[in-house]
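Chemist: Below you'll find the structure I mean.
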Amino acid sequence: MARGIFITATGTDIGKTYVTALIIKRLRETNINCGYYKAALSGAERRDGKLIAGDANYVYNIANIKGDPNDAVSYIFQQAVSPHLAAKLNNVEISMERIKKDFYSIKNKYDYITVEGSGGIVCPISTGKEKIMLDNIIKIFKLPAIVVADAGLGTINSTILTLQYMKEKNISVKMILLNNYNHEDIIHIENKRYLSDNLLIPVYTCNKNANKLEIPVEKLIEIYEEI
């Protein structure tokens, strides 16, 4: 049976895709068969008449995953807006049935599956015939989560608000990862200390422009759960 984790963040452009790629890369470098999936992607590039799922393409390149990155994403939109709005603009009905079908197809190819969210944790995926929020996807696949947060000013507030929402939705958070961390920045140091001291969740860091995570592989493996 495969094991999975969901990667979400405290907001947009926090570094979810970057961290997701480094996690998968770390596992694959130790011969762990880890794959990637994303339900909906906005802001895709168009090349030679074809939309390119940029996030998936980045992850595949960094983590050395073979195959077409577009196959790892159920819905790909060019407009850089929330998935529900992109679907409206393109007259597309987003279906949980398709998301489930694609997810299980990817899951069956790997021993570990890393699922990346869209934007922050409160993200409408569909407001059409089916009302789908990001947390619905996390819960239907029974995935635990990693929360990616920026290491800088304001992260205590945004991280705790994100965790409170996830607690209300009964989503298990296994790790907080502070991105763009600078070991000489007093704000970053204090944010890590405060969150570590006041939350019952492990807090790790990822240095800015790092090409690998310093988190032990054993710790990463522990947070993936059977799905």
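Here the Cβ of each residue, glycine as well, is placed from N, Cα and C on the backbone.
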Chemist: Please pick, from GLU97, GLU116, GLU130, the residue that Swiss-Prot records in the Mg(2+) site together with THR17, ASP55.
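Modeler: Swiss-Prot names GLU116 for this Mg(2+) site.
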Chemist: Determine which residues of this chain, when THR17, ASP55, GLU116 are set aside, have a Cβ within 8 Å of the centroid of the Mg(2+) site's Cβ atoms, and list them as they appear in the sequence.
Modeler: ILE7, LYS16, THR20, ALA21, LYS38, LEU41, ALA56, TYR58, VAL59
Chemist: Tell me which of the recorded positions LYS38, SER42, GLU116 ends up closest to ASN180 (ATP binding site) in space, Cα to Cα.
Modeler: GLU116
Chemist: According to DSSP, which kind of secondary structure is ASP55 (ATP binding site) found in, if we only use helix, strand and coil?
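Modeler: Reduced to three states, the DSSP call for ASP55 (ATP binding site) is helix.
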